[in-house]
Amino acid sequence: MSMEDYDFLFKIVLIGNAGVGKTCLVRRFTQGLFPPGQGATIGVDFMIKTVEINGEKVKLQIWDTAGQERFRSITQSYYRSANALILTYDITCEESFRCLPEWLREIEQYASNKVITVLVGNKIDLAERREVSQQRAEEFSEAQDMYYLETSAKESDNVEKLFLDLACRLISEARQNTLVNNVSSPLPGEGKSISYLTCCNFN
């Protein structure tokens, strides 16, 4: 694939405990699907989605990593080349939230110091089973200087907003020459292209 096919290429890696819905978020955004009974990711997988933002083609290489401890050494190797990390937890699972500091330590150890990190609370369609309040998560994200968003991969709530706002932020950072545009990774078949005319606040 030549550089003429896109203006920007960014690598986004989803991390977090097993079962929080990382694969479902990726498939909802890239394929418009919610896979019922989705099994745990084995190792690492990735998909491609091309979006158009303010007339520029942005290719997002979205990596879905396994959350199980036995795959941790594999997934850690993908941190370094990531432009952005989406740290995901399940709002109905207290344990997945309490593990966030451990994931942040891994980010600090293995990721670039210029990586953009976003905190996502998934499964808001199960609000009646919520174990982690939105206020608590917002306070945690503010303390860690992370953008926070709640999503539902099942209902598609805020999923597109998550990735497109992140793409806007990545473009802004790239223009300031604070990110390396990683174009060395192989690209599989593309997902659908969509347009996004304006960038939302993503600070």
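Glycine is treated like the rest: Cβ placed from N, Cα and C.
Swiss-Prot lists region 'Switch-I' at one of the ranges 36-44, 153-161, namely 36-44. Secondary structure at Cys24 (GTP binding site), taken from DSSP and collapsed to helix, strand or coil, is helix. For the pair Lys22 (GTP binding site) and Asp64 (Mg(2+) binding site), the C-alpha distance works out to 7 angstrom. In this structure, Cys24 is the one among the binding-site residues Val20, Cys24, Ala153 with the smallest number of other Cβ atoms inside 10 Å of its Cβ. The Cβ of Lys123 (GTP binding site) lies under 8 Å from the Cβ of Val20, Gly21, Asp90, Ile91, Thr92, Ser152, Ala153, Lys154, each of these being in the same chain and 6 or more residues away along the sequence.
Reported as a whole number, the C-alpha separation between Asp64 (Mg(2+) binding site) and Cys24 (GTP binding site) equals 10 Å.
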